[in-house]
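Novice: Sharing the features that Swiss-Prot gives for it:
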- Cys229-Cys231: disulfide bond (DISULFID)
- Cys262-Cys265: disulfide bond (DISULFID)
Amino acid sequence: MANNVLNRYLFEDLSVRGELVQLDEAYQRIISSKEYPAALQKLLGELLVSTTLLTATLKFEGSITIQLQGDGPVSLAVINGDHDQKIRGVARWEGDIADDASLHDMMGKGYLVITIEPKKGERYQGVVGLEGETLADVIEGYFANSEQLKTRLWIRTGEHEGKAHAAGMMIQVIPDGTGTPEDFEHLEQLTATVKNEELFTLPANELLYRLYNQDSVRLYEPQPVAFHCGCSRERSGAAIITVERAEINDILAEEGSVSLHCDYCGTSYSFDEAEITELYAKAAPEKKTLH
């Protein structure tokens with residue numbers, strides 16, 4: 001069984017590249033941080049797969065964020081991933097959401113934002129409306145309009161052996177001019193036959209052979225995908241001391257402690273009065289040095 005891994009592959013004779021991502025634990029970590037409705041869990045899985053597939057196209061160190069915003073019950077759904085395939089995500093919603101709610105049922109009138117942030121270089125952001133029935137439709141439209149590259153995605157979420165899985169495939173034309181529309185259509189037809197169980201369970205080499213055994217496919221080394229939110233007690237403490245001490249004292253007087261909650265993983269960090277005093281005391285010499 002293939003778990004939490006991204007595979008890149010190339011159709012050497014057809015000028016088309018492909019990607020395959022298969023996730024279970026990384027997906028489960030994201031949807032277990034809050035009591036997300038079933039339809040929103042599915043949407044987060046689709047966003048997660050899409051982001052992972054897109055980060056695989058990065059030719060530099062950096063990150064990609066895919067964000068949905070709308071005026072529906074779900075106001076925000078966002079996944080962030082980087083070149084090392086460290087991913088995290090969160091969503092915000094209000095009210096009840098039906099188990100079979102569609103993208104448009106959840107988001108209402110909204111848009112998709114794709115943000116690319118290189119460690120070195122300029123930040124890029126693309127915004128598109130929610131055209132199409134599914135998230136895959138929206139992202140395919142983004143590539144057609146902004147990148148002008150023929151791209152297809154197949155994204156699946158579901159359960160296997162009682163555990164949540166999210167997986168997907170992407171094929172994209174390589175802009176070298178040697179491929180034909182017929183080549184791409186041929187691969188589209190083959191990829192569209194993939195079954196959920198195959199995506200959730202088969203190792204990449206076996207899955208690609210089942211789909212493309214008549215074509216020449218080069219499979220590259222796999223890359224692990226892992227949930228990573230980046231929160232810590234140290235970072236929480238550093239955030240607290242950016243607030244005026246008087247304001248923190250008011251919270252202490254009312255609550256008895258100061259707590260920070262990580263939306264990504266669901267962890268809370270609590271600091272009592274003695275710990276707060278120590279934080280500010282340690283920070284004081286640093287502030288004097290800065291002045």
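Cβ atoms here come from the backbone N, Cα and C positions, even for glycine.
Are these features on the surface or tucked inside, and what touches them?
Specialist: Annotation for Cys229 (disulfide bond): same-chain Cβ neighbours under 8 Å, separated by at least 6 residues, are Arg88, Cys262, Tyr264, Cys265.
Cys265 (disulfide bond): 17 other CB atoms within 10 A of its CB, across all protein chains.
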Novice: Across all chains shown, how many C-beta atoms besides its own are within 10 angstroms of the C-beta of Cys231 (disulfide bond)?
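Specialist: The answer is 20.
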